[in-house]
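As recorded in TrEMBL:
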| type | residues | note |
| --- | --- | --- |
| DOMAIN | B:11-134 | domain 'Response regulatory' |
| MOD_RES | B:D67 | 4-aspartylphosphate |
Amino acid sequence: MDLVQLQRQLVDYRTSLYHEGFLDEQFTQLQSLQDENNPDFVVEVVSLFFEDSERLLNELSKALEQQVIDFKRMDAQVHQLKGSSSSIGAHRVQKLCIVFRNYCEAQNVEGCLKCLQQVKHEYGIIKTKLESMFQLEQQILNAGGSIPV
Amino acid sequence: MVMAASETKFHVLAVDDTLIDRKLIEKLLKTSSYQVTAVDSGTKALEFLGLNNNDHHDVEVNLIITDYCMPGMTGYDLLRKIKESSSFKDIPVVTMSSDNIPSRINRCLEDGAEEFFLKPVQLSDVNKLRPHLMKRRTQTNVNKRKSMDEIVSPDRARARYNELEVK
């Protein structure tokens, strides 16, 4: 695939992520903060999001396996996940976290379990999509091109 | 460290327990040409300011921006501590939160926060900081000129110590 095609593919891919509600304007803001002084800013922040999310999702899974479920602690963890997903513009994950918090507050185990599954699912999707997008960007850079805004 | 007022960049102390948000706020502030120190707790913020020791602080912080929800000392607790401190009560404090809770917002504003930003913080929010900083700078320069005059004689120095509030 030549450079122009790659660039077009990237633009289309990014646009679809916004249209399908995977990303929101916050991601655009992240990109606008990236510059020559910080050329890897977006990748760095998103990587932090991946690390954070995986840790929190693990902890939430463990929490729901306990005999006595600590809903307060779970709520704090979902709050963290909501915060970091909102900070990078991971829209669907953020929205699910809001629902998840409501179940924590209501101390509804079934609801929490279902939500956790949904969050894991959505997280998996956005992770794959962002990684694909970064790969495309890298291909463009390797081909000597620049990333279209 | 010399106590000369830096006429170039304002120094902002950012407080947030999440790494992602610290990174973000730091970038937003640096993009707006502020010098930034980012810490991960209210306790560290107070240490940085020198509030925990009785020596005259030797860092100049022009504004503090803090997350509300933090383990241990919340952003609100930090706000109160700053505002109750004779040395630091004039430093403008801005609070931020990912939760939109009107009672929380009002409480912070009523107890001395200049602004309350909803997360994720935008560049347009950071632009709102400048007026608060410019206003203080004018005030600080007036105060600094006064205290520099007082260093001249021992009698004047004694008068200064008498003015310091004993906590």
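Positions of Cβ are set from backbone N, Cα and C atoms, glycine also.
The C-beta environment of B:D67 (4-aspartylphosphate), restricted to residues of the same chain at least 6 apart in sequence and closer than 8 Å, consists of B:V15, B:D16, B:D17, B:T18, B:D21, B:G75, B:T95, B:M96, B:S97, B:K119. In terms of DSSP secondary structure, the domain 'Response regulatory' (B:11-134) contains 49 helix, 26 strand, 49 coil.
For the domain 'Response regulatory' (B:11-134), the model's average pLDDT works out to 93.
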